[in-house]
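Okay, so here's the structure we're looking at.
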Amino acid sequence: MDLKGKKIVAVGLALTGEAVAAFCLDKGASVTVADIASETSLGARVQNVRDMGAQVELGPHNMETFTQADLIVISPGVPHTIPVLEAAREKGVPVIGEVELASRFIQAPIIAVTGTNGKTTVTSLIGEMMEASGISAFVGGNIGNPLVNYAKGEDKAQVVVAEISSFQLDTIESFAPKVALLTNVTEDHMDRYDGMEGYAASKARVFMNQTGADFAILNGCDKWSRAMCGGIKASQWFFTGREEAEAGIAMNAGAMDFFTGAQKHWSLSLKKMTLSGEHNKENAAAAALAAYAAGASVEGIQGAIDAFKGLPHRLEFVREVMDVKYYDDSKATNVDAVLRALEGFNAPVHLIMGGRDKGGHFRDLKDMVEQKAARLYVTGEAAGIITSALSGSVEVVQAGTIEKAVEFAKRAARPGEVVVLSPGCASFDQYKNYKERGKDFCRVVNALPA
């Protein structure tokens with residue numbers, strides 16, 4: 001793909017848009033970056049791309065800019081159905097995303113990881129498994145390092161491990177990973193998709209360009225993933241819910257075994273794994289299959305499982321105060337993630353939820369909240385919705401903010417109980433992102449008097 005002299009519009013000026021602009025300019029293209037936001041809200045990125053040599057258009061989109069482009073590259077947060085993009089398509093202008101663009105310049109095999117929950121942990125763990133096996137890996141994508149950064153850079157890895165969101169999959173065309181992994185499909189982003197069918201169809205796109213020489217790693221217990229199997233051409237391996245004739249992982253006490261049909265090939269121990277919860281055993285199994293399919297050794301996979309310490313804001317232990325433990329699960333931005341968090345605790349939980357609703361069905365938490373929660377503290381825009389859904393299951397405290405929620409929870413929690421931030425919502429009503437929310441929670445907890 002030759003970009004030299006082409007007029008390219010990069011839509012969205014955040015991390016991805018800035019990286020796309022740099023990449024395309026490096027390839028000799030003429031680049032315009034378009035964003036509906038103001039220069040004040042975008043901060044230093046505006047001057048950054050201008051200094052690179054790009055034009056910048058802010059505010060309402062200019063139709064002519066889009067319809068006269070040679071190529072449009074959109075960031076994940078930009079809906080691919082907005083009117084200016086539809087008009088450009090009608091004029092024959094290709095509209096793709098950053099992942100599709102980068103993949104056309106990447107020679108190394110790609111391991112693509114998608115799914116509602118667990119994908120960042122799995123992506124990171126695969127990278128560790130590859131490196132522990134002596135195979136150099138670039139780990140990026142939706143995890144915070146756009147793939148175009150790898151495509152632009154001089155240092156090349158033997159394999160690319162990429163976290164891919166549903167929004168990114170909506171704009172792929174020829175993207176064809178050697179290994180595609182789908183962790184699970186549960187309700188999320190219902191504010192953007194027209195029901196679960198549309199969301200699941202987006203996730204299924206990760207497999208669409210694979211061939212029989214490739215590998216699809218699937219969750220056999222997930223009904224949406226199972227429904228995709230008939231349309232997948234790649235070899236299918238299951239990290240959970242494997243049926244007798246299928247290839248994949250079978251869990252037993254403290255270990256996981258890899259089978260193809262009735263034949264056992266290898267076994268991995270989970271005894272030294274520091275990640276807690278059944279969901280993290282599934283994450284380890286999924287990562288192990290993907291890494292093995294890409295050439296990692298069993299020894300390297302085992303070493304990475306033993307050494308991996310987990311990621312921030314994912315049921316991360318923060319501190320113990322007066323025999324009460326505090327956990328930061330800010331990354332839990334949907335209902336299923338909250339369920340997974342609650343499943344991992346035997347002690348009564350003081351649960352902090354809230355933020356910006358993504359269209360989740362909070363009533364699905366009713367039974368688990370009744371079993372596990374001592375109190376529920378609600379914050380942010382979704383406080384009313386969560387209260388309506390769960391007020392009959394647990395005492396609900398209107399906290400408003402995370403700081404107040406921690407204050408109320410500290411007063412109420414008894415020795416041996418736990419306080420868990422697991423919001424079940426996006427963070428954008430009060431914070432820039434889930435990381436900022438998690439850091440704020442940790443700040444408040446660490447400031448508590450002992």
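Including glycine, each Cβ sits where the backbone N, Cα and C put it.
As annotated by Swiss-Prot, ATP binding site applies to GLY115, THR116, ASN117, GLY118, LYS119, THR120, THR121. Cβ contacts within 10 Å of LYS119 (ATP binding site), excluding its own Cβ and spanning all protein chains shown: 24. Following the DSSP three-state reduction, the secondary structure of LYS119 (ATP binding site) is helix.
Sequence-distant neighbours of THR120 (ATP binding site) (same chain, 6+ apart, CB under 8 A from its CB) are ASN142, ILE143, GLU163, LEU311, ARG314, LYS331. The Cβ of THR116 (ATP binding site) has 24 other Cβ atoms within 10 Å, all protein chains considered.
For the recorded ATP site, residues GLY115, THR116, ASN117, GLY118, LYS119, THR120, THR121 set the reference point as the centre of their Cβ atoms, and the other residues of that chain within 8 Å of it by Cβ are VAL113, VAL122, THR183, ASN184, ASN283.
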